[in-house]
Amino acid sequence: MEGESTAVNITETPKERKGKAPLLAPPPASGGIKTIVQKAPKGGYKRGLAVFDVVLRIAGIAAALGAVIAMGSTDQTLPFFTQFFQFKAEFDDLPVFTFFVIANAITAAYLALSIPISIVCIIRPHLVGPRVLLTFLDTVMVGLTTAAAGGAASIVYLAHNGNSDANWPAICQQFNDFCQEVSGAVVASFITVVVLMFLIVLSAFSL
């Protein structure tokens, strides 16, 4: 009959299906893709160490100045005296204590002057020269401050305990305030030594 059409369904065989190309191309092999990894900029941890370095230097200044003030202001006069003698103790009676004050003052001044160099290391963490300079100078200050603190500590020990073999009596029973002040100054100086040692370790890690 006219106007009518007949639809005929043709079933494909498996062989004919294999011969046809796939509609979607397979994804390319993973080996052909180049992965671009953007590396984080270096120097982040070095900048953090440099900031901590500045904080430690400020703490070292406080400890060194505390040692200088405590030792430099040490002065005690006993309330009794004789016709010819007045019993008085001052830090400059002993050259070791005088050296102690000078050495810790030098250390405090150095730490203050080294802060701008340490700030440069914060701004430019990759610079090696300033860090090497600070490491060298910190090591010198460790030696100076340790010598001053060790010498003063030996005198403080004798002041507290005396020495029976040398017939040196302990004086801290009479000059109690004097001994307390010089002992505090020695402790502050050793704290400065510890701070300087930490600064050397930080500088070594920052190189």
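Cβ from N, Cα, C; glycine included.
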Validate this pair against Swiss-Prot: G48 and V96, same side of the membrane or not.
no
Tertiary contacts of the transmembrane segment (99-119) (same chain, 6+ residues out, Cβ under 8 Å):
50, 53-54, 57-58, 60-61, 64-65, 67-68, 71-72, 91, 130, 133-134, 137-138, 141, 144-145, 147-149, 151-152, 185-186, 189, 192, 196
